[in-house]
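Pulled from Swiss-Prot, these are the features on record:
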- Gln103, Tyr283, Leu284, Ala285, Asp286, Gln287: ATP binding site (BINDING)
- His308: active site, tele-AMP-histidine intermediate (ACT_SITE)
Amino acid sequence: MKRMIALDGAQGEGGGQILRSALSLSMITGQPFTITSIRAGRAKPGLLRQHLTAVKAAAEICRATVEGAELGSQRLVFRPGTVRGGEYRFAIGSAGSCTLVLQTVLPALWFADGPSRVEVSGGTDNPSAPPADFIRRVLEPLLAKIGIHQQTTLLRHGFYPAGGGVVATEVSPVASFNTLQLGERGNIVQMRGEVLLAGVSRHVAEREIATLAGSFSLHEQNIHNLPRDQGPGNTVSLEVESENITERFFVVGEKRVSAEVVAAQLVKEVKRYLASPAAVGEYLADQLVLPMALAGAGEFKVAHPSCHLLTNIAVVERFLPVRFGLIETDGVTRVSIE
């Protein structure tokens, strides 16, 4: 019988990342875990709908037994069974992030007995979660280099607070893992600006694009009007294609915040990324830790190691026989498997 791993949910960033990573790793390794003080660092601690959906989705995919799977719960016991491929559908029932639920269960399906398709309904454009286009255009090409083949499709947008969006991913079992090496970004090839609108004036998008164009040389400027029933909502994205990597950054528009201020937030974030030669942005770094650990080797460079990244590494090291090394030189941190 495998040992029970005890986790403190208040560790590190004190949010949902510890829970999501633990669920993924428990499903993969077969190790049960107990987590207390779930989301202790948040204004509303405990399981929200998005986290509860992730728990229930994980339990269904690996036939786990679970204690504490209810809204507001700050303690959870998860005993995994065998991961099985297949077709799955999960509904968050709010504007909670579809991609964070997918992020939780997809790694386990890399080890399933056959191909799978997972569809999640909920929020798609959430300020605290990666959008589907980030997964599709940035993360999945890198996963393919590691030997992980999955394809994400955004079927319907769902902005906060209404939700109603749908994201689906098709994934195949991994035959073998490759080593990922991501050092410097290299020269910029092109930059693309994009604005999504649903039930919002096109004039807002034009002002947002103008703000981006005032700071960067954009090779593409795209405005997409979505059906009104998918909003109201607005997101602004900027994609940076470089010689060695494509990165994507975004902000979600807010009520009573001007288009210029919204776009300026994005400009600031992209400039922060471009100020360093490191290939990997702050948010992408979080996503690379688990697949790199499963490969057992690899490295990347990031300018600003986030609390999410450090938390993720700490959880991975509890479940897998790997150790990460972080070495900072001239403002760039090299993250590698030791």
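Every residue gets a Cβ built from N, Cα and C, even glycine.
What you are looking at is a predicted structure, and each value in this text was computed from that prediction instead of being measured.
With all protein chains in the displayed structure included, the most crowded Cβ environment within 10 Å among the binding-site residues Gln103, Gln287 is that of Gln103. The record gives Gln103, Tyr283, Leu284, Ala285, Asp286, Gln287 for ATP. Within 8 Å of the mean position of their Cβ atoms, the other Cβ atoms in that chain belong to Pro130, Leu139, Glu282, Leu288, Val289, His308, Leu309. Contacts of His308 (active site, tele-AMP-histidine intermediate) defined by a Cβ separation under 8 A and a same-chain sequence distance of 6+ are given as Gly12, Glu13, Gly15, Gln17, Tyr283, Asp286, in order along the sequence.
Within the group of binding-site residues (Leu284, Ala285), the Cβ with the highest number of other Cβ atoms inside 10 Å belongs to Ala285. Tyr283 (ATP binding site) has a Cβ environment of 21 other Cβ atoms inside 10 Å. Those residues noted as binding ATP (Gln103, Tyr283, Leu284, Ala285, Asp286, Gln287) have their most widely separated CA atoms at a distance of 14 Å.
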